[in-house]
């Protein structure tokens with residue numbers, strides 16, 4: 001072939017800055033027989049530089065690519081059927097030292113006997129495209145490293161064609177090797193736990209066709225060894241066709257089995273603690289009900305001043321134990337998200353008086369200067385959950401009394417920026433680690449100035465209640481000089497309650513049946529009912545109670561929940577199923593857990609009292625009987 005190309009070829013390539021034509025001899029260093037003139041725009045060397053031999057093609061080949069490019073040609077020359085070779089992209093070095101990328105297809109021209117006469121190469125400048133490809137490849141490699149580092153399984157699904165590709169981590173997560181497995185959506189779906197498939201399918205469809213912006217679902221995938229892997233599956237549609245139908249969706253799988261196991265263990269721990277608290281509560285409340293109940297009965301008898309003082313101490317100690325039990329139950333409720341806040345309008349002066357009355361006797365006996373003060377900022381009425389606020393305040397004040405042997409305890413109430421602020425200051429021993437005091441069952445070490453009584457429950461429930469009510473708690477303390485606890489709770493100004501048009505209800509004399517296997521409980525309840533001029537019949541088992549109900553009608557049944565033979569829950573169900581006359585049933589239990597109350601109401605009980613209860617609780621329960629009778633007669 002002549003060193004001069006046909007005019008049409010010259011015109012074609014001369015008009016391009018991207019494509020050059022080369023003719024090489026098959027010899028060392030690949031000497032150039034001919035090339036188009038636009039080579040100078042590409043490499044900086046002129047056509048004459050190459051054709052004269054001053055510059056050989058081997059000189060402009062990048063050293064790292066030269067051997068590969070040569071081998072790609074030489075390996076095909078002996079096969080006379082081979083007419084062309086498409087090279088893998090390679091690099092050339094320009095006259096100025098820059099590196100460019102080219103794509104090259106080389107034609108092998110042969111004589112009649114098959115011997116190679118020359119090589120003709122069509123070379124295209126592709127640096128811009130190649131840089132994009134390399135950047136994309138680097139990004140893919142980086143993503144792959146991220147996936148491998150985070151142990152994520154990746155998937156790429158084309159819903160219309162059904163093509164699914166996954167990475168090796170996706171397969172190994174479920175115990176499969178790459179080679180023997182043909183991955184498809186059918187294979188994927190076959191691994192999903194049968195109980196999880198429907199919700200998984202709904203979640204996928206919701207993202208594909210229901211405009212849910214992101215797909216995320218947790219389900220179980222069967223491992224090759226037979227167990228199930230808890231999987232967090234996340235993905236998103238990344239391509240759509242002209243009809244806005246999804247074409248491509250990509251995502252990841254994360255093995256969250258350890259997290260799920262931790263969740264199950266945490267739930268089991270909460271359940272175990274709940275059962276323990278329920279049993280503990282029942283075992284302590286039952287004798288405590290006897291102590292406080294009999295103390296209440298004893299308080300209404302003739303006593304000397306000394307005996308009355310001892311009785312007061314007994315009642316105060318019992319009330320303290322009851323508060324501790326209630327705090328333990330509330331901590332369990334808080335863990336389960338079952339604590340409720342019910343706000344209402346309350347008079348602030350009444351709250352202040354109530355707080356003062358709870359502790360003034362204790363302060364007097366111990367010689368502690370105890371004061372409850374308010375400032376002019378407090379509105380007359382305030383919207384607050386009174387019982388929860390008092391629970392917080394009482395625990396904080398109790399805490400101050402625990403750690404203050406001499407000196408003072410100051411309680412302050414103010415209203416700042418729609419916040420009810422409670423501050424409790426003392427001159428006690430102080431706290432070294434102020435953060436730990438909020439932790440349940442944690443107190444200052446035994447090496448502090450004074451031994452610390454109690455179980456560490458009070459401040460734990462304070463923090464839980466404050467957080468539940470949307471407030472915040474702080475503590476400042478100096479060892480040996482005292483502590484200052486400050487609680488801020490959202491509280492709007494309230495209003496005076498509307499005057500009631502209802503006159504106090506004088507309770508009628510009811511026909512009352514008491515079913516309780518405990519003689520002390522029967523005695524306490526009987527004394528309370530007698531004070532209300534009520535007449536009752538008592539039985540010591542559910543079986544005897546049902547027999548009595550078959551013989552005569554009663555208006556009210558006080559039903560102990562825990563009894564031998566069968567319990568009060570089952571007895572209530574039988575009464576609701578068998579009795580023509582349906583009495584008002586009030587459940588009695590020492591189990592303070594909400595689940596027990598729910599179980600009793602579901603069985604057909606009308607009301608529920610938790611031991612130890614007081615006379616006023618019985619009165620309120622019987623008022624419910626009267627209110628129900630009035631509603632029925634309207």
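Just so it is clear, glycine is given a Cβ too, placed from its N, Cα and C backbone atoms.
If you check TrEMBL, you get these features:
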DOMAIN    36-80  domain 'PAS'
DOMAIN    86-138  domain 'PAC'
DOMAIN    279-493  domain 'Histidine kinase'
DOMAIN    511-626  domain 'Response regulatory'
MOD_RES   560  4-aspartylphosphate
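Within 10 Å of the C-beta of the residue listed as '4-aspartylphosphate' we count 25 further C-beta atoms, all protein chains included. The domain 'PAS' (36-80): residue composition by secondary structure is 29 helix, 1 strand, 15 coil, according to DSSP. Ranked by the number of CB pairs under 8 Å to the domain 'PAC' (86-138), the listed stretches 36-80, 279-493, 511-626 are led by 36-80.
Residues 3, 5, 9-10, 13-14, 16-22, 24, 26, 28-30, 87-88, 90-96, 99-100, 104, 106, 108, 110, 114, 116, 119, 123, 125 of the same chain sit 6 or more residues outside the domain 'PAS' (36-80) yet have a Cβ under 8 Å from a Cβ within it.
Counted with DSSP, the domain 'PAC' (86-138) comes out as 12 helix, 27 strand, 14 coil.
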